[in-house]
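Report on one structure; see the data block that follows.
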Amino acid sequence: MFSLFYGLWKYIFTKTEFHVLILGIDKAGKTTLLEKLKSVYSNVEGLPPDRIVPTVGLNIGRIEVSNSKLVFWDLGGQPGLRSIWEKYYEEAHAVVFVIDAACPSRFEDSKTALGKFFGMRICKERHF
């Protein structure tokens, strides 16, 4: 009987968790996007853009929307860090690839990075 009530309790009050991967080349605005999302959708005040430093590794942000929890993984975009993208992609439910529209000189770098991402083994296996 306890398991029935526990199951009902869990169904009513537990929020489904989704993982969102934020990718892009270095200085594309990934962390700025994450901070803006946090300030708009939660009571947490995000960092102002002038206080954001380049990501070395990973930033994590959590937002609750409706009956869901969104966990954002903001991964560094430096060429040396792009090799870890594949490891996080396996657990992600969605991917956001950020391109800095104000910097056309880096469009080709973004295109190359996105192409390499699509070429990763895991993307091919999951029919991305």
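Keep in mind that glycine also has a Cβ here, set from the backbone N, Cα and C atoms.
Just so you know, TrEMBL annotations never went through curation; they're auto-generated.
The annotation GTP binding site is assigned in TrEMBL to Gly24, Ile25, Asp26, Lys27, Ala28, Gly29, Lys30, Thr31, Gly77. TrEMBL lists Thr31, Thr55 with the feature Mg(2+) binding site.
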Q.
If you count, for each of the binding-site residues Thr31, Thr55, the other Cβ atoms lying within 10 Å of its Cβ, which residue has the minimum?
A. Thr55
Q. For the GTP binding residues given in the record (Gly24, Ile25, Asp26, Lys27, Ala28, Gly29, Lys30, Thr31, Gly77), what is the largest pairwise C-alpha separation in angstrom?
A. 11
Q: Note the Cβ centroid of Gly24, Ile25, Asp26, Lys27, Ala28, Gly29, Lys30, Thr31, Gly77, the recorded GTP site, then list each other residue of that chain whose Cβ lies within 8 Å of it, in sequence.
A: Thr55, Val98, Asp100
Q) Taking the Cα atoms as reference points, how far is Gly24 (GTP binding site) from Thr31 (Mg(2+) binding site) in Å? A) 10
**Q.** Euclidean distance between Cα atoms of Thr55 (Mg(2+) binding site) and Asp26 (GTP binding site), Å
**A.** 8
(Q) Can you tell me how many other Cβ atoms are located within 10 Å of the Cβ belonging to Gly24 (GTP binding site)? (A) 24
Q: With H, G and I counted as helix, E and B as strand and the rest as coil, say where DSSP puts Thr31 (Mg(2+) binding site).
A: helix
Q.
What are the sequence-distant neighbours of Ala28 (GTP binding site), meaning same chain, six or more residues apart, C-beta distance under 8 angstroms?
A. Gly77, Val98, Ile99, Asp100, Arg106, Ser110
Q | Rounded distance in angstrom between the Cα atoms of Lys30 (GTP binding site) and Thr55 (Mg(2+) binding site) | A | 9
